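Attaching a single structure in structure tokens format; questions to follow.
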């Protein structure tokens, strides 16, 4: 072979790789191996093993304790290393021998426990089966659904153990417990009147059905809603339990738990997106050489994967065509396309405004008329249907807006002349915005009704006590109805749309029917659907502590419904998305929903006056007021420390330190990015530089 001269090789940009600790370790391993081979010629096998054992001991017990299978060595080198490790044990003290044996046994036990726990994982077999038949893209949706089931179950355990269980124990006098209700001080008597609309006397069956669907009647006075927890102090045995503080801390706890868990799961996807290369050539190579999903075992899924890869390559070509088209645009064409996009965005804003105004009017109408119906207590069948329709009017309008608006957005995006990939992202972000913003508009409409006061008596209470004597329970009922109606819609679409369509496609040979075919299983649409429901759960848990239990049952049933729908009534999308990118996208949208939930909960806790007739915070002006009230009961030294932490003298330096830490991590990320770029350059040089191609002869 022909080699470059030393000067040329020295001039190549390999200094960076040669300075890496991994490169230096490789050199040491090669030098050590050469020394051991030379010693093997003059020593017997026992002496060789002893010398190599002492050499490994000098390198460190931690490296020597690693199993041979964890080293990047050949089979012969691993066998030699195992002999060295066995010989090395003779030269260790009793304590080090016991420590090494204990570590090895502990690792083995942990490995067996981890393997056993994998068999206890929820829906393990079902998700693996879906992955084998339909690929990792659809499997990522069901894994995401399992994550939400576990998250809601943990939130339910948290709320039940800290809020619901102590209230039940104290109200029923279990474990020598008791509770006290302290009348609010400096509050007008009319503000403390709360008479839940419980069922009295003869009750018709459809009244129970209405209460079950709307959360009123017998459900309003149960542990499901905020009004049940009208307890100011509890004593379990001789210990006092501060229920208001526990209620608030449980709320902060489930929000913090959700935030940490989502961020932890999204870190892996964020790293992949951070290192992802935008180079079209590398993207092409990834699709050609690493694009196949080896989890697929079904022939139909394999054909679908072939079409998916073909579509991705066509999309890349379309992206390149769009880039050339954009580069060749004249000033007149740019002016035309920008004017068209501005006009289309005005239409999008008009559609969003129409959706928001419709939700606002529907909510106001529903609240006014449902309260009138409850006060008159009519029980006729016709009035039952009308009252149920009025109570579910906001939920129906929101569902209709969530269905119509995305269809309009998908139609308008075709005229904006974006690239295919950007069209998908922009449409998804608009759909996310309209779904989550609809919930915010509903809450804004409720708060406008709750805060509206036209009399001095109302101003004395701080909220509309006539229509909303316990406004927290009213908000909880709205979130409960949204969740129930969302589940009914998901079930109805599968039973009354997908199933009849599947029967027509299977048993009817008409060309129009066969041309329509089965409905596609859109991963993004299904994910937005469950994220919408999860945002409702986060917001509603403060007003309905057991709402996570309902969400857990709902998502548990949805898993099997979607699985049956995928196998029998739908087909995989012709344009699927990768699991690596979809998981990160799902978690980002879920994080947006969580951040949206912080806003209404923060306003409800810190700004809107709490109800004076129900709930654990009726003796406080706001729910947050329980925190300073609790701090005032602390010892003087601790109280001063806490107030000092909350003061500006601590907040300003703390903010500056946080900014410095943030700047440090930004600089560190930039350095890592440069390292990645240098490593990519070195990978390119592997083909041309003999230093990386073959050893010297």
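Yeah, the Cβs are placed from backbone N, Cα and C, and that goes for glycine too.
TrEMBL lists 27-69 with the feature region 'Disordered'. If you look up TrEMBL, you'll see 147-169, 245-263, 342-360, 392-415, 427-447, 479-497, 584-608, 650-671 marked as transmembrane segment. If you look up TrEMBL, you'll see 470-580 marked as domain 'TMC'.
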Let's see if you can do this one: DSSP helix, strand and coil counts over the domain 'TMC' (470-580), in that order.
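Per-class counts: 86 helix, 6 strand, 19 coil.
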Could you check if the transmembrane segment (479-497) is in contact with the transmembrane segment (245-263), meaning 3+ Cβ pairs under 8 Å among residue pairs at least 6 apart in sequence?
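Contact criterion not met.
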Which one, 147-169, 245-263, 342-360, 650-671, has the most C-beta pairs under 8 Å toward the transmembrane segment (584-608)?
245-263
Other than its close neighbours in sequence, what residues sit by the transmembrane segment (147-169), given a CB gap under 8 Å and a spacing of at least six beyond its ends?
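Result: 122, 175, 177, 179, 223, 228-229, 231, 234, 236, 241, 243, 246-247, 249-250, 253-254, 257-258, 261, 265, 530, 534, 537, 541, 545-546, 548-549, 551-552, 555-556, 559.
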Could you pull out which residues elsewhere in the chain have a CB under 8 Å from any CB of the transmembrane segment (427-447), counting only those six or more residues past its ends?
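Sequence-distant neighbours of the transmembrane segment (427-447): 348, 352, 355-356, 359-360, 363-364, 367, 394, 398, 401-402, 405-406, 409-410, 413, 474-475, 478, 482, 524-525, 528, 531-532, 535-536, 539, 585, 589, 592-593, 596, 599-600, 603, 608.
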Let me know the model's mean pLDDT on the domain 'TMC' (470-580).
84
